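Colleague: Before anything else, here's the structure in question.
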Amino acid sequence: MKQLPLTKQQLIAAMISLSLGGVAQAALTINGSADTESSARISWGGADSLSEARKIMYKSTGSAIKKVDTGYGTTNITNANSFGSSNNSYTSSNRYNTTYRGAFGSSDMIPISTDSRSVAVIDAETGESIYEKDADIARPMASITKVMTAMVVLDAGLDMREEITLDAEDFVGPKRASSRLKVGDRLNRAEMLLMALMKSENPAAKSLARNYPGGYSAFMRAMNRKAQDLGMTTAFFGDPTGLDKRNVASSNDLVKMVRAAGNYDVIRRFSTTKSYDFFVSNYSRGNRTYKANNTSSLVREGGYPIGISKTGFINEAGRCVVMETRVNNRPAIIVILGANSSATRWGDAKNILNSLATRRTV
């Protein structure tokens, strides 16, 4: 089943339904239509784009909206009230222990082959482990962090139409990182969240934390409290972007995070949007269109039914990716940490996906 990016009409339907909060429930289609790629592309170019975006995005100041059903078909939405590691350079992965369990199918099948430092694959329906490789060791997670950032933002029930202006502080962090955003850029909160999840823009994530009730420090406390609530015993968050090498968790703990993120329809939609044209206003620099593509090649290519996706990279973390997918009509969560190259990361991901696809289901 090929997953297309959201059409503009689908995003409108999603945001309108989310605005209903506890007043009503709405059925939403996650996968996109069988329309052409051109008609499925989201494009908000033009002078009226920001005002149009404001109309489409949230109209509610209520609690976070959580997804009730799993899977990528029709989804019921309802209101929900929720709220240091040493790093070495990466070498050959052959010395790391691996275990394989046949939870996704017959146990006599060939094992999955991976080269990344740490991997965890679970059957998201049963919670059973399918494959593990050093999955209980805390490692830097880089921009995988932004999945937790998104959950904390949504838990706060803030007005997603509220406009946020990027400050110089949003560009300061533990590492230098490239960004096409600029000081003074203005987007609403929902667009900042989409920018952080889809394009992994660090200033967008930082601005969301800065504009949280109680400010940045309160946001960081909420991130670590959320991790604790989810039972992520190895996790620590030092910043909302993932540029801080202190942001660590084991692959198995990140499975818990991705599983929780599956309850947020907004995270599903935003993290798997293939491309998006942001209309960015800036009083000093003038207005412009920011054309952005998803950081995941698997999402952009559209060959796999991916329900959640987030990539990450800093030197200490290596290349990382987390995803929720569906293979042989079974949901699976995949976490890959510490790949020594982008090719290794995507090679491991495809090996896992293809291995799951060839297994006999039980």
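Glycine residues also receive a Cβ, built from the backbone N, Cα and C atoms like all the rest.
Just so you know, TrEMBL annotations never went through curation; they're auto-generated.
Feature table excerpt (TrEMBL):
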- 1-26: signal peptide (SIGNAL)
- 113-340: domain 'Peptidase S11 D-alanyl-D-alanine carboxypeptidase A N-terminal' (DOMAIN)
- S143: active site, acyl-ester intermediate (ACT_SITE)
- K146: active site, proton acceptor (ACT_SITE)
- S200: active site (ACT_SITE)
- K310: substrate binding site (BINDING)
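Can you tell me where each of these features sits in the structure?
Modeller: Proximity of S143 (active site, acyl-ester intermediate) to non-local residues of its own chain (separation of 6 or more, Cβ distance below 8 Å) is seen for S200, N202, T241, G242, T295, K310, T311, G312, F313, C320, given in sequence order.
Annotation note: K146 (active site, proton acceptor) sits in a helical segment as assigned by DSSP.
Under the three-state DSSP scheme, K310 (substrate binding site) falls in the strand class.
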Colleague: I need the least crowded one of these recorded positions (K146, K310), counting other C-beta atoms within 10 angstroms of each C-beta.
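Modeller: Ranked by other Cβ atoms within 10 Å, the recorded positions K146, K310 bottom out at K146.
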Colleague: Average the pLDDT scores across the domain 'Peptidase S11 D-alanyl-D-alanine carboxypeptidase A N-terminal' (113-340) and report the rounded value.
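Modeller: Average per-residue pLDDT within the domain 'Peptidase S11 D-alanyl-D-alanine carboxypeptidase A N-terminal' (113-340): 96.
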Colleague: Applying a 10 Å Cβ distance cut-off over all chains shown, what neighbour count does S200 (active site) have?
Modeller: 27
